[in-house]
């Protein structure tokens, strides 16, 4: 079929990453580029320029001078630019810096311990063969060896480790296969990272004892070095180590000691070569990707430096011509800058050489500029170069060359340049980069895009194609004798007449385009279709005709955003001649999330038979009826069809013969064959058919001929109460639902009772269409939808019509009067709400209430304000409900079903009861972000209200309705709410989009294999059975006990469609059933015992008394008494039979059936829960069968086997890409979540993070410090526990000073000391609340507070004052001293490491002082920053993170100093606050014993700080204290009172570590009993363990996943992840199947630790291409190159990059062709 040159005959197996060496590149290069001008004055490429023709032609007019081919055939050739001086390789600059920092510049050895080096080498060797366990074994061997031998030599250590390693390498069977697995990759990168982090920062060299040289990097372009102050030389030893004839690398000169200088690349290179001689064996393993591909492949240190730069071929950086202007490519500009620098350096070196008559070598010689002996050389350029002497100029331009070379690689490396052109990194990265734009997704042919419009006359699985598309989209059809007639006609019709053809492909692959105008040419081609072309030696297959799309061809349709699998489905084409747009059936709208307000959709036309087959069978719309998220139906009829269907099937709707026939015909237009009809329901006076009969006629004609029609008992959406006009008469045993219109009964395909509405043909579960899908398959259910749509449309068009009028929304006069009265009442409820919220007395005056409310609003702690908000909402909700009761539904002028608006709402067509209430009753309370509208600074909510007005109207309670209009202020509130919705939508798309992308990139490789395990693309098992039971979510819908009766009533059909008899004849369920019986038997036997006893334990209990009676003498050995020894001996001497008796009794419960018998090959091996469901149902069924009179033919066993078969048929198919489905099922609903469902806690509630922020916290960040950590523990239901839990709650609650402080009086005065010193004196008097005020809630006494003031608070206050004054010179010296101590560059390193650990809090702005209440400056700044960040779209968000990462990496020490200065006092304060945070309250101080003790206390406070002059306190009650503070007079003044107040709010008098607040809430548990639950804000699990008699610790729960993992292990954390994600969605009423959540959780915890789904989590992936196509491609590329990684091309991303078929779905297997 395909011409030979198109048939692929080779396949990529893998990709390895590495670096070309300088020699290889020199060989590859065809030209040295020396001319900085790339085009001459005529616009032609200049010789030796960057567009020289030797590099290949830059555009189509030229010819390559190397291979003499034109633009289309020449793939381009590399060139190079020679650099006059060596520069650092920007790719490896950071690693070079670490190498230099971790090595000794004197003896050229690494400064890490030798043991670490040999250990790492051996560990990397064993990892290369995938021996993970050996890594830990080696660590053990080393530590044991170091313990046993004192001061071992490096050689001994090496021998010891090598011995074990060689054993492992010999016994290895896998070869290098095992090395490309996630766990091994993770282990390797961990070991290497750990080595760099811990061993490369020694203070002095262990070999020559020289102090460490401090190396620092600046602007990524130069290294500066501070040499150590003294050097230890060991004479004679140094040269002995070097091999013969090797030049000794220079050590450190005497002159350089203690100096700081610039380390040039050439001296760095010398040093590196010297290290390499000493440490080469080790560096080979550390940089395995930098091997020289030579005879002996080994690490090549010259890789760290560049002597020339490679120039890519011209075609990859084309010149863009616009008119007569030329615009060059950014890459070319960057290369040009390097060349200009090179020219300048060469000139400068010539000048220096002439002046000095020296070789161009770097020595610190200042050159006297006066002796102007160089007459020949042009020196005018020197004035352009910065620097004094020539050497300075040389260094400066050398650094400039370095930064220009950097820019070629990465334009962000130079932070100082303003005009930037993209470097290599910019070309690869981000959404617009090569990986994501051109490799992961490509533009395609044979696709169409147009606006969609609705059409309910085509089938649900069809798509209407306009003629414009039909003549352009073609399919390559091979010509055969049986289709030649059709194809001839197509060729004759030509490209413009449908059905025609556009082109014919001959046997040799040449193409003949069919002319639109020349009919004779087309006829000639048509006649030769079957005759082989002349001149071809052997005919290679047949001709191929590219024919137009025709009816019935399959197309893939897609609407963006493609959030989940149903966003791409296959439809059959239906050509519509007169149209210009795509036409889509209404039923598919929900799957695509499409509406017809201008949406566009894409259509793709598959070009191979394989693709078409997949589309027809798997991707077809009929097969996509259920959504993978939770198995709910997607397709369903909408709006008009609901109203029409409900009206048509209502009792009393009759049709004459003509009408009946017309409707049946309209419903079944495309049925072939006889139509079965029903006899009329009414015969006299003339025959009439009911609407129900019309629907039944459709059903029995659609259901396939050879299947029994279905039986179904269900409910309609319209409830039974809606039909009741007046109270029914009392009848004994009256069941209101029985035979009512809300009960739908279908027997043998005939609708006998009930109205069909949204519940049956909308997108709702267990309706008529869903049941048809389940029993007869997708094709039938699709036809049911199609036919019903046509029928209902016809009914509306021909007989009924549908309209709304004002009459439908009018309210009766008496209801209106009631409504008015309630509205008047509601205006008075304001003061009542505020009083209730703030616990004010009834008698409080309005002014007092207003004052309190005003305070609550402007207080930093918003809890009171939230409380008032809640009370207001409760009040107005009460009034809203009253009004709604008065008006709806009996207050309406017309009632259901005559009321068309009610009909529309009830049947589910459109709208909700809320809409009808807004029209007829009132709009209700307007809420913004979960609160009432905020107040302006003036205290008004809108300018037309009074400040702090109480009326609900002023708080956004709208009493108007749309029927009678709303007032301007109410309209304004209404608009505010509308705007909020829009803003939310705009913001959340990007956030959830990025979240979904992260999950998809991680989980893309998870596929079900043929052994039913879920594995990642590298073969690592993530789950042994998908979702823990192996079931496919859409198939599980009818495996619920509620649906068993439906399956039983349709037994015949299901048995036939599932081939039950065949299965039973081949499968034997007995083995499995025996297993289930064994499990039941065990449970029956061990029902009472909670603890399982071992065999020896039961034996020893039995003989214990007998042994004790022996009174054995002797002493305890190894912790075992003589009695125990005797028992052990008796147990060992016991004969086999007796021992087996004990062992049998103590045998553990057999494993569950699923884990023993693989469910797909063992019939009846089902999950335990399902087995239990079947048992329960069987008993129920048997009981019912006894009661009922008519015996059912269905026996219990047959029902059981049917259910088991149904379960087995529901197993997930191998090849299912469950990872992608899980990712889509979490990502797609997250777009529907409003960004933050705001949940503002009042005083009695917990604050919780919800919505997308919480999802990001769990999935993307996996941060150890979550925003709202909490624990909850149920309290035992005993009197003692309930009494003690009250005091426990008090004990766990944190107390701040502000909560117990009544007031602070401050007096300020001046005083003059001697020597004219001026002072400012403050007298601060602190008055505390009396104990009675807080003893109920707080675990404190006044003495404790006073003790806190004396020991901690005054110190904090002085620190804060010092901080305020730090601008003035008096204290500057203190701070600078602190900073310089920490100035050493290892703090930069530890700082960076700390920062990297904290990086996972990218979005949790790090507030330094952990104790700060909700509003210190840092907190508000970070909040503001977060607000700004939230508005960025997700692409730029990703960029921001990358830049941040870069900044962190390049953090210079200067920054570190600044950070230390600002953070230090805070850190100190934080640590100080913690000191007091013991569980027990601070030591209780008894009343002072006399004057002496009192004097001591006062003295201690005075001496605690130089500023404190005097101190006094209340010796009687401990209710006040007074301190006098004397400060030197400053130019700057600050407000002491605000400082004291803010400190008092943040100073913690008493706390339990980690817990801020405690609440006791009453809940209902699973057994429907009331119980108390203790909830804490903050986490401290060990603390709660102390109260095991009060709290039921077995049911303790915490939302901090890390805390649970660290305390209870990773399996517990797994469950927490599942529960947390489920809870986030539950708030919005979204159900996601637990199988998806378990898969995501299993993946995140795969490595035994909880890892996030972000770029730090993907570092352990074994596929470098998967990492690169995710984020920070350059970073991952660098990593892969240095480590010499290999990609097996198994992950989906890697397959897409190289164009392989992804190993999933139908790509999981390959078919062998039988050749005979």
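Cβ atoms here come from the backbone N, Cα and C positions, even for glycine.
The feature region 'Rudder', as given by Swiss-Prot for the ranges 410-423, 438-451, 452-465, 550-563, sits at 410-423.
Looking at 1172-1213, 1214-1255, 1256-1297, 1298-1339, the range tied to region 'Trigger loop' in Swiss-Prot is 1214-1255.
Swiss-Prot assigns the feature region 'Bridging helix' to one of the listed ranges (757-798, 925-966, 967-1008, 1009-1050), namely 967-1008. A Cβ distance under 8 Å defines the sequence-distant neighbours of the region 'Bridging helix' (967-1008), meaning residues of its chain 6+ beyond its ends; these are 561, 563, 923, 926-929, 933, 942, 944-945, 953, 956, 958-960, 1014-1018, 1022, 1026, 1212-1220, 1222-1224, 1226-1228, 1230-1231, 1233-1235, 1252, 1255-1256, 1259-1260, 1430-1435, 1437-1438, 1639-1640, 1643, 1653-1654, 1657-1658, 1663, 1666, 1669-1670, 1690-1693, 1703-1704, 1708.
Each of the binding-site residues 107, 208 was scored by the number of other CB atoms within 10 A of its CB, and the lowest score belongs to 208. In terms of Cα spacing, the binding-site residues 67, 107, 208, 559 all stay beyond 10 Å of residue 1256 (DNA template strand binding site).
Using a 10 Å Cβ-Cβ cutoff, residue 559 (RNA binding site) registers 21 neighbours. If you count neighbouring Cβ atoms within 10 Å for each of the binding-site residues 64, 67, 74, 104, 205, the highest count belongs to 104. Compute the center of the Cβ atoms of 595, 597, 599, which mark the site for Mg(2+) 1; besides them, the chain residues with Cβ within 8 Å of that center are 452, 594, 596, 598. Remark: of the binding-site residues 77, 431, 1256, the most isolated position is 431 (fewest other Cβ atoms within 10 Å of its Cβ). Secondary structure at residue 67 (Zn(2+) 1 binding site), as computed by DSSP, is coil. Cβ packing within 10 Å was compared across the binding-site residues 595, 597, and the lowest neighbour count falls to 597. Cβ neighbours within 10 Å of residue 443 (DNA template strand binding site), excluding its own Cβ and spanning all shown chains: 7. With residue 74 (Zn(2+) 1 binding site) as the anchor, the candidate binding-site residues are 104, 559, 595, 599, and the one with the nearest CA is 559. Per DSSP, the region 'Bridging helix' (967-1008) is made up of 36 helix, 2 strand, 4 coil.
Residue 205 (Zn(2+) 2 binding site) has 436 as its nearest neighbour among the binding-site residues 436, 559, 597, 599, going by CA to CA distance. Between the alpha carbons (Cα) of residue 77 (Zn(2+) 1 binding site) and residue 104 (Zn(2+) 2 binding site) lies a span of roughly 42 Å.
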